[in-house]
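> If you scroll down you'll find the structure; I have some questions about it.
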């Protein structure tokens, strides 16, 4: 590693430090860069991994903790400059980004020009490069607070092997990777922000695309450590703690064949709004502009989220769904004022009814499952029977999927079927959707000795003799916890 870096610093590597299994992809990227940009050479490469969330779905934006791990699939960006990029910087009024992807057939190149006030993200145009612009915009906003950023033309060549719209955080990895690029290009280093600071910046930046996420994806991409999962808490700031997973078991990801871009659909932001309304109704708090369900738990006077779930079950009705006017009346506020605070997306404003009891029960109980999962992992290798421990983790994963499907309604028939096959046919101890849901992937806990049999039996049962799902080869792979984001200096 280049120089002596603190544990909190974003790693900056030189070629000898590069993980061996990343070398081939980076060399291919460098070749494509030179072919595309007039045989020039890039100065550095940024890398950000995807993630699989082991447990804790749709609760980060409610202020609760989650437990993901980075996977060894990633976004890579090679970065260089046109020959005249640094000339007359003080006299220039605009900059140009040339953004290219190795897979140019599905991800066409884009050229974007902007001035001293920064690049604009078009959330109505969800082309892939808009996520690159999110990362740049986030860094530009940060630098504008201290005087601005230099006018500089930049060439980017992008590649990646994270399946898109799969629940493995390909979009957030692209935002994180682009933010690292922008910070290094504009300031010459990554020293202004540590891992957590950059994660918070990226979480805010991705909201430019229109998704009101909570920050898990960016935090794990930046804060991940090889060989460990990460407990990430959002109650007060950003807290991270490495978690050891039980030895002898693998985490296997499988794709159900359905895809969903959460920025292009309504469901994600609608759930965010329902949780905001539930938090206010349970806490009777109308003063705070940022009332989350974790804050409602505090207002209820209980120390465990499971206890908050019991109170929510008593105080909120299941049917019929609440109307905005009804919630406003119970809180003695105007509907328009409540809408302005809670229904901040157009998707949320289109909802006629809000299923507050179901959403709150999922969030509180899922938050409890995360704590139980973390505490169980803390006993791994400590003399407890790891087989019994793994069985307990599997039970928590299965309960999580059932809650996602039945209370949060963020699964789909294909995901439900795949999870059931993973358990019944593949022999997984636990299987649950991972990511936002409504399609994408599930993650299963499988003994190391049974991974190959799991992969073949699940493929045969789910994809049939053709091995195809929705016209594409069935995707499944085992993954171990990977390293987090880094910058590779080439000179």
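Using N, Cα and C of the backbone, Cβ positions are placed for all residues, glycine too.
Just so you know, TrEMBL annotations never went through curation; they're auto-generated.
So TrEMBL lists the following for this protein:
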DOMAIN    32-80  domain 'Galactokinase N-terminal'
DOMAIN    146-223  domain 'GHMP kinase N-terminal'
DOMAIN    390-462  domain 'GHMP kinase C-terminal'
> Give the residue counts of the domain 'Galactokinase N-terminal' (32-80) per reduced DSSP state, in the order helix, strand, coil.
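Going by DSSP assignments, the domain 'Galactokinase N-terminal' (32-80) contains 8 helix, 27 strand, 14 coil.
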> Reported in the order helix, strand, coil, what are the DSSP residue counts of the domain 'GHMP kinase N-terminal' (146-223)?
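Output for the domain 'GHMP kinase N-terminal' (146-223) reads 41 helix, 7 strand, 30 coil.
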> With DSSP as the reference, give the number of residues of the domain 'GHMP kinase C-terminal' (390-462) in helix, strand and coil.
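Here the numbers are 44 helix, 12 strand, 17 coil.
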